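Worksheet: one structure, shown below.
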């Protein structure tokens, strides 16, 4: 299944590189494609990842191998909360940085000079590269389970990447359209390479899954809930329903 996971990693990396060329995403009301993608991501978390996380939780309680942090080893849900909080923190820092750059640019006589990339911007992009590396690693693990497991995971992460790309481009347009998108794309490939070269303990794998699940939930919430996005409920519900049916059928 190495070839299948490699193909999935390449496709996901290409999505990051080319997502900016998809037309109709940066509009208000929110693009139906982004809302549907958020629905798919949410369905994958609640129908597939969280039940798996419950199994991981039971395994961690029975066979804790993380001796350094025994409390976390038996509480995978705390790690999921940490993933949610981490993404929320990144979003807040990005919004503050964007507001500061917008204020600074108002002093420019021409009013159209793009603000310089910020430390916060690169920190945001770098954090998502690490986030993507976790996904790249999990591609290898999903492929070892079955081709169907890999396919459902890769598809859900693909549409999730479209949503994340939109958010990163919204906050750091010049940086992201330049080198930033290549950095986050490389994160997937690096994670996949690490997955091919190493095998981590099941307990640690469970914690990665927990962290990813929390991060996905926060990404969906931050993209769909703000009033200024004028998000579309119907595409979100259709995306969530359709993917739920698919997950239950396979």
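Just so it is clear, glycine is given a Cβ too, placed from its N, Cα and C backbone atoms.
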### Where TrEMBL places transmembrane segment among the ranges 96-112, 147-163, 164-180
147-163
### Task
Please figure out which one of 71-90, 119-140, 147-163, 183-212, 233-249 racks up the most CB pairs under 8 Å against the transmembrane segment (29-50).
233-249
### Message
Please identify the stretch among 71-90, 147-163, 183-212, 233-249 with the greatest number of Cβ pairs below 8 Å relative to the transmembrane segment (119-140).
### Response
183-212
### Message
Cβ pairs under 8 Å only, please: of the recorded stretches 71-90, 147-163, 233-249, which one is richest in them relative to the transmembrane segment (183-212)?
### Response
71-90
## Note on the structure
Near the transmembrane segment (233-249) in space but 6 or more residues beyond its ends, with Cβ under 8 Å, are 32-33, 35-40, 42-44, 47-48, 152, 156, 159, 224
